[in-house]
Amino acid sequence: MSLAHTAAEYMLSDALLPDRKGPRLKGLRLELPLDRMVKFVAVGFPLLLVSLAFAQEFSSGSPISCFCPSNFSIRQAAYVDSSCWDSLVHHEQDESGQSKTKSLWPHKALPYSLLALAVAMYLPVLLWQYAAVPALSSDLLFIISELDKSYNRAIRLVQHMLKIRQESSDTDVFWDELEKARKERYFEFPLLERYLACKQRSHSLVATYLLRNALLLLFTSATYLYLGHFHLDVFFQEEFSCSIKTGLLHDETHIPDLITCRLTSLSVFQIVSLASVAIYTLLVPVILYNLTRLCRWDKRLLSIYEMLPAFDLLSRKMLGCPINDLNVILLFLRANISELVSFSWLSVLCALKDTATQKHNIDTVVDFMTLLAGLEPSKPKHLTHGMCDENP
């Protein structure tokens, strides 16, 4: 065995990817980074505000402070605070002198509305977890495994070609068989490409992804409507007139008709309202950007894997409308690029391919590894010229 063949075998052995052992599902990212960020903010922010509201209540005591008459005892004053907070109704007179009431219930419902908002924002996450993640995880595991296996098959094919070339006594016969195999597409493994082509006709994943983001936009719009309709009406009202002359106290003459009360938690109410509007306004462009990514293909990822045999979705122009399951899978392949061991090798080969295509016909990793293994210089001249004529 010559030194050149030994070096070529070592180079090809090093290019082989090691077998991955153990469960690979734990390492998969089944949520895109921006989707994960939206989930944490949309769900976690209301919970943070709930803790802020409860912390303010525990630190300052009663959320209202009523100005009772001086002849009221401490227990009577505490009863007034409790009664006015339970009713939370503002009594006033209009321009014609008629009395009217205005409910201030958004102050009392603030923690519960925030909890309801957090639950509503978590519903799209549950939809994705139960409707899309099982199918997506199996698709990713199969595709990642096949991409790495296709790369290894190409390297092993070059190893076999190197062995046959070394054992062959007639180099012309070897190269004739090799060129025939290339023309007949013997080196291709079309299972993965056909599987990805089938995913272009499937729309279950993309429908779930669109529904998830549409629900987020819907709940965000409902939050705006709730804050604008209910919170804005009581946003600046710090004092209100409360009536406790109900039930057994209705005929008591020493009790005033109205007692003025002040909302001590108004500042927290205002901060929560403004912060909610600001945060969810910032989330809307992120959600819209997530949707726009479905309108274009990640051709850079596809172009790198064009180096694999039978993976020519781009060169055959097999890509149509990008709104399908294949585009969603490509987005998650990009997010799980660390699980694609073959990606780094193919990226290097693609970078080196541009510097070598001026002299050699390189279409796949088989062609490039044939060149690196030293088989290309031994090609007969009539085959070399024929290849150059076919690819000027």
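Note that Cβ sites are derived from N, Cα and C of the backbone, with glycine treated the same way.
Pulled from TrEMBL, these are the features on record:
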type     : residues : note
TRANSMEM : 37-55    : transmembrane segment
CARBOHYD : ASN71    : N-linked glycosylation site
TRANSMEM : 109-128  : transmembrane segment
TRANSMEM : 209-227  : transmembrane segment
TRANSMEM : 268-291  : transmembrane segment
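Sequence-remote contacts of a segment are chain residues at least 6 beyond its ends whose Cβ falls under 8 Å from one of its Cβ atoms, and for the transmembrane segment (268-291) they are 32, 34-35, 37-38, 41-42, 45-46, 49, 52-53, 56, 106-107, 110, 114, 117, 210, 213, 216-217, 220, 223-224, 227, 231, 235. Beyond the transmembrane segment (209-227), the same-chain residues lying 6 or more positions past its ends with a Cβ under 8 Å from any Cβ of the stretch are 35, 38, 42, 113, 117, 120-121, 123-125, 127-128, 132, 273, 276-277, 280, 283-284, 287-288, 290-291, 294, 328. Counting every protein chain shown, 7 other Cβ atoms lie within 10 Å of the Cβ of ASN71 (N-linked glycosylation site).
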